[in-house]
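Copied over from Swiss-Prot:
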- N70: N-linked glycosylation site (CARBOHYD)
- N94: N-linked glycosylation site (CARBOHYD)
- N97: N-linked glycosylation site (CARBOHYD)
- S152: GPI-anchor amidated serine (LIPID)
- 1-30: topological domain 'Cytoplasmic' (TOPO_DOM)
- 31-51: transmembrane segment (TRANSMEM)
Amino acid sequence: MAPSFYHYLPVPMDEMGGKQGWGSHRQWLGAAILVVLFGVTLVILTIYFAVTANSVACRDGLRAQAECRNTTHLLQRQLTRTQDSLLQAETQANSCNLTVVTLQESLEKKVSQALEQQARIKELENEVTKLNQELENLRIQKETSSTVQVNSGSSMVVSSLLVLKVSLFLLF
């Protein structure tokens with residue numbers, strides 16, 4: 001036969017019956033009372049929280065929370081629209097700034113061209129004055145000269161040279 005090894009000593013049957021009787025029922029009774037008390041406590045707490053959750057103050061708080069949430073969403077939408085408008089305004093400002101810079105550069109070019117043209121006009125006016133003076137000098141020489149043919153030939157050459165020179169200056 002196999003060896004019997006038990007962690008406890010064998011107890012006669014008549015002793016086991018006495019322990020399981022009243023002591024065992026007490027433990028079950030204590031456990032049942034604890035379970036009932038726990039259940040009653042849970043029911044009372046549930047009723048208390050249900051009453052508290054349905055109270056006027058709680059409903060007012062929930063209503064205020066919903067209003068705050070709605071106001072927050074409204075403000076967020078307004079902020080988004082404002083930021084979009086600001087971005088558009090900045091884009092337009094940048095475009096306007098580029099246009100202003102381009103127009104300033106164009107104006108500076110036109111001013112420099114106008115100054116160059118004025119300088120060229122002054123130069124040509126001086127040249128015309130000089131040529132008029134030479135023409136006057138040639139007329140005086142003509143009057144003082146004794147021969148009419150020589151004077152008329154030379155004045156014709158000088159006149160044609162002056163016309164050629166003035167036309168060349170005006171072209172360039």
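Using N, Cα and C of the backbone, Cβ positions are placed for all residues, glycine too.
Here the features listed in Swiss-Prot are painted onto the structure.
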residue : record                      : CB count, 10 Å
N70     : N-linked glycosylation site : 10
N94     : N-linked glycosylation site : 10
N97     : N-linked glycosylation site : 10
Inset, instruction - Pop the Cα-Cα gap between N70 (N-linked glycosylation site) and N94 (N-linked glycosylation site) into the table, whole Å please. - result: 36
Legend entry - Within-chain partners of the transmembrane segment (31-51) [C-beta distance under 8 Å, separation at least 6 from its ends]: none
Legend entry - Rounded inter-Cα distance in Å - N70 (N-linked glycosylation site), N97 (N-linked glycosylation site): 40
Inset, instruction - Please state whether DSSP places N94 (N-linked glycosylation site) in a helix, a strand or coil. - result: helix
